[in-house]
Amino acid sequence: MIALVLGGQSSGKSDHALAMLANAPAPRALLVTGRAEDPDFARRIMAHKQGRDAALPVIEARENLSEELTRLGAAQTSVLVDSLDFWLFSCIMSDTLQAQADALCEALRAFASQGPSVVVVSQEAGLCPVAGDGATRAFVRELGAVNRRVATLADEAWFVAAGLPLRLKG
């Protein structure tokens, strides 16, 4: 089962995704893709760590998201991926971005066919005003494309605003 959880910044999407993971078959793991490269983001990561089950294994995937999904799917581990937007930050400047997106979608398909659940979190960047610079517009375009591809694969899709989940699919 693939579930996609979308929402804006600080919308409650990660909390909703963690609740979904808690109901998924064990064993479970959290795949994180963000890097603490500034003090504010380091505080956000620490708050996320404090708000989750300390027994939940955390794996830093970054650009290697598809490889980690393949490994955990073979081990029959239910997974929360938090988040696609930070994964995209890691690989947007790469010449192989499309190949990485293709590999991610293939890994999600294979993961779901093996039985465990995967919950994928991502920002819904399309609700923001049009960005003033080309790099931000390119990022929003790419994130929208990746979100649409994952939503097509997903059995369930959710949008979270103000901590309230709205089912979009499934």
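The backbone N, Cα and C atoms fix where each Cβ goes, glycine too.
Since we're looking at a predicted model, the values are computed, not measured.
In the three-state DSSP scheme, LYS13 (GTP binding site) is classed as helix. Proximity of LYS13 (GTP binding site) to non-local residues of its own chain (separation of 6 or more, Cβ distance below 8 Å) is seen for VAL5, LEU6, GLY7, VAL121, TRP158, VAL160, given in sequence order. Per TrEMBL, the feature GTP binding site maps to GLY7, GLY8, GLN9, SER10, SER11, GLY12, LYS13, SER14, LYS49, GLN50, GLY51, ARG52, GLU60, ASP82.
Taken from TrEMBL, the feature active site, GMP-histidine intermediate applies to HIS48.
Between the binding-site residues GLN9, SER11, the minimum number of other C-beta atoms within 10 Å of a residue's C-beta occurs at GLN9.
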